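What follows is a short report on a single structure.
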Amino acid sequence: MGLGELGNAAAYGFAPATLIAPLGCVSVIGSAFISVLFLKETMRAADMLGGTLTIAGTYLLVTFAPNVTQELTATKIQNYLISWQFLIYVILEIIIFCILLYFYKRKDVKHIVVLLMMVALLASLTIISVKAVAGMITFSAKGKMQLTYPIFYIMFIIMVTSCVFQVKFLNQAMQLYNATVVVPINFVFFTTSAIIAGIIFYQEFQGAALLSVFMFLFGCLLSFLGVFVITRNREEEHLQVPYIDCGHIPGKKKIDKIQPDSNSLSYGTLHDEDDWTSAQS
């Protein structure tokens, strides 16, 4: 998991955030097939349909994603931070988050939408900061050092802080609701938040054709549907606890007791019928 997330974070230094975030649907397909191969779960028709929708959506995402290659320098990140689009966006995000946090803390509202909306709002900051940190590290590796600028450490602190609180609220949702409900809703909220953050902060769709934007959004919709179909009605299988039925033990009547009471001297042993009759008399 750690290596996978490290690779995912590194990818933000080479590709648009609006492309990397929706590709998280591939992990849902991988989990479905791995569960069949290694956990011996049954491949359902819904898994095949969901996988087909997700693969089709992924193809559209890769084909029509914004083809922008930004060299993220510290100066460019600073200019993005003070742009009027981002300032309006972050103010609205803070207001919405405070309202949700008020209902969560003061009114004790633990609805899944409230929890996952807070996760998504934090995720947008995570995506922005992760891409900034990964981009500056990548640019530094090319020979133009960016790690000496204070903005690098500011974005790193935002990245770590938002990740910690994001995991906190996500764990809260996982404790209160079934994973088959949390996973698809969180994927949709997270992806939508990441796309909005990429469009507003990094201006990744600037100058894109209307058809490309439409097909990209259609690919996102197919991926969302695929994830919902795969996780829909998937219940965890619980192991049956083995037990002994008195009526199916040869030579034992249904009124017989398999084991004496715990306060008896013979607790832990089985009686035969004669001993039990004498013990009762």
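Each residue, glycine too, has its Cβ placed from N, Cα and C.
Here TrEMBL flags 20-39 (among others) as transmembrane segment. Using a Cβ-Cβ cut-off under 8 Å and counting only residues 6 or more beyond its ends in the same chain, the transmembrane segment (20-39) has close neighbours at 8, 11-12, 47, 50-51, 54-55, 57-58, 61-62, 127, 183, 187, 190-191, 194-195, 198, 219-220, 223, 226-227, 230-231.
For 46-66 (among others), the entry in TrEMBL reads transmembrane segment. Distant neighbours of the transmembrane segment (46-66): 15-16, 18-19, 22-23, 25-26, 28-29, 32-33, 36, 204-205, 208, 212-213, 215-216, 218-233; these residues of the same chain sit at least 6 beyond its ends, with a Cβ under 8 Å from one of its Cβ atoms.
Annotation comment: TrEMBL describes 86-104 (among others) as transmembrane segment.
Annotation source TrEMBL lists transmembrane segment at 111-139 (among others).
Sequence annotations record features per position, and here TrEMBL assigns transmembrane segment to 151-169 (among others).
For the transmembrane segment (181-202), the residues of the chain that approach it from at least six positions outside its boundaries are 16-18, 20-22, 24-25, 28, 68, 70, 80, 83, 85-86, 89, 112-113, 116-117, 119-121, 123-125, 127-128, 131, 170, 173-174, 220, 223-224, 227-228, 231-232, judged by C-beta separation under 8 angstroms. The feature transmembrane segment is assigned by TrEMBL to 181-202 (among others).
Taken from TrEMBL, the feature transmembrane segment covers 208-230 (among others). Under 8 Å from some Cβ of the transmembrane segment (208-230) lie the Cβ atoms of residues 18, 22, 25, 28-29, 32, 46-47, 49-61, 63-66, 183-184, 187-188, 191, 195, all in the same chain and six or more residues away from its ends.
Positions annotated as region 'Disordered' by TrEMBL: 257-281.
The annotation compositional bias 'Acidic residues' is assigned in TrEMBL to 272-281.
Within its own chain, the transmembrane segment (86-104) has Cβ neighbours under 8 Å at 80, 110, 114-115, 117-118, 121-122, 124-125, 196-197, 200-201, counting only residues six or more beyond its boundaries.
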